[in-house]
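This report refers to the structure that appears directly beneath it.
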Amino acid sequence: MGSKRRVILLPTLGVVVLAIAAAVLLHAGEAADVANGQFARASGTRFTVGGRPFYSNGFNAYWLMYMASDPGDRSKAAGVLQQAASLRATLVRTWAFSDGGYRPLQKSPGVYNEDMFMGLDFVIAEAKKRGLYLILSLVNNWDGFGGKKQYVQWARDQGHNLGSDDDFFRSDVTKQFYKNHAVLTRVNKITGVAYKDDPTIFAWELINEPRCQSDLSGKTLQAWVTEMAGYVKSVDPNHMVEIGLEGFYGESMHKNFNPGYTVGTDFIANNLVPAVDFATIHSYPDQWVSGASSDEQVAFMRKWMADHIRDSAAVLRKPLLVTEFGWSARSNGYTVAARDAYFRTVYDAVYASAREGGACAGGLFWQVMAPGMESWTDGYEVVLERSKSTADVVAHQCARIAGLSPA
């Protein structure tokens with residue numbers, strides 16, 4: 001896709017020119033907000049930047065730090081961030097963790113790989129140059145890049161008797177490991193700005209997709225979220241905090257809205273924690289209701305979004321972001337046209353909410369990859385240069401979202 005985008009045809013050439021010029025000016029204003037030190041805030045059910053409403057569109061690229069840590073692959077990270085700016089996206093979500101294993105950020109508790117940290121420095125600096133905000137996730141629930149499993153193993157290596165990976169949420173040892181993770185106070189060696197003082201960071205995410213199957217009551221995760229959200233805020237009061245939830249309901253209300261099971265989270269109770277600034281959901285009906293038809297899966301997604309948008313406004317009174325959604329090429333009946341239609345359906349729901357002053361203020365699809373990353377594919381990847389129709393859908397949403405933000 002590069003720096004090109006599809007022009008949506010309007011009745012007259014003059015209107016087309018004015019619309020494109022307005023969108024460019026809006027993105028230039030958002031870029032200036034990042035450059036001029038404007039932190040994103042949550043105000044009621046809206047995000048604001050510099051006192052003005054802020055709406056977002058963008059994507060996930062979890063691998064940015066990893067690729068940027070290798071000078072030979074750094075262009076992949078820079079190229080994808082440039083694509084985001086060219087599309088007039090405003091927000092990218094990525095990992096600020098890699099625990100143990102091959103080329104880690106954190107080799108062992110509190111011991112860091114400077115090359116990997118320099119990769120994260122580079123990502124933040126490049127995002128800032130392009131007027132992009134970043135959501136940085138601090139640890140993984142899953143085994144990829146270490147995750148809670150690695151934290152538990154580190155505790156065991158020190159002689160602590162932890163039974164399951166879910167003890168990550170309960171053990172004082174692993175909780176201290178988490179608190180000691182030095183990302184928040186890192187001083188970027190490219191910009192000279194501490195992460196906690198850098199407005200390029202939109203929000204900290206406590207953990208990617210937390211689940212606690214050993215305590216489906218939700219009490220374990222509720223206690224952990226309360227403690228860690230408060231801790232992150234105590235170290236960094238400048239930035240917003242979100243949990244990283246997929247959106248599964250729990251004991252407080254609406255368990256019947258789940259896709260047939262619970263995972264130890266509680267969308268309502270977890271997000272009502274005062275130190276949590278906004279709610280998130282993910283949407284993967286091709287996984288969660290895999291036995292349903294494509295039409296039934298899309299219907300589930302529509303209801304999933306509508307329920308969470310309503311509850312974010314009426315119960316939480318906080319903004320909502322769809323921080324992951326996608327459609328896998330490995331799903332039955334997949335076509336690029338079907339994926340594009342799914343993206344449009346998600347985007348229409350996001351846009352309708354944002355336009356009408358609802359709680360949902362943006363969506364980030366999973367995920368963008370750069371050319372030459374074939375070994376990283378998971379079925380959900382979008383290589384924008386090779387997926388023109390999907391890139392057009394994304395560009396159209398970016399333009400619509402930009403049009404909602406006052407100049």
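Yeah, the Cβs are placed from backbone N, Cα and C, and that goes for glycine too.
Feature annotations, courtesy of Swiss-Prot:
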- GLU209: active site, proton donor (ACT_SITE)
- GLU324: active site, nucleophile (ACT_SITE)
- TRP95, ASN208, TYR284, TRP366: substrate binding site (BINDING)
- 1-31: signal peptide (SIGNAL)
Per the 10 Å Cα distance test against the residue listed as 'active site, nucleophile', the binding-site residues TRP95, TYR284, TRP366 reduce to TYR284, TRP366
So if I draw a 10 Å sphere around the Cβ of ASN208 (substrate binding site), how many other Cβ atoms end up inside it?
26
Give me the CA-CA distance between TRP366 (substrate binding site) and the residue listed as 'active site, proton donor', in Å, as a whole number.
13
Excluding its own, the Cβ atoms lying within 10 Å of the Cβ of GLU209 (active site, proton donor) add up to 21
TRP366 (substrate binding site), DSSP three-state class -> coil
Restricting to the chain of TYR284 (substrate binding site) and a gap of 6 or more, list residues whose Cβ falls under 8 Å of its Cβ, or answer none.
GLU324, PHE325, GLY326
Taking the Cα atoms as reference points, how far is the residue listed as 'active site, proton donor' from TRP95 (substrate binding site) in Å?
12
TRP95, ASN208, TYR284, TRP366 bind substrate per the record; greatest CA separation between any two, in Å, is 20
To see if you understand the setup: which same-chain residues, six or more apart in sequence, place their Cβ under 8 Å from that of TRP95 (substrate binding site)?
TYR62, TRP63, LEU64, MET65, TYR66, LEU136, SER137, ASN140, PHE145, ASN208
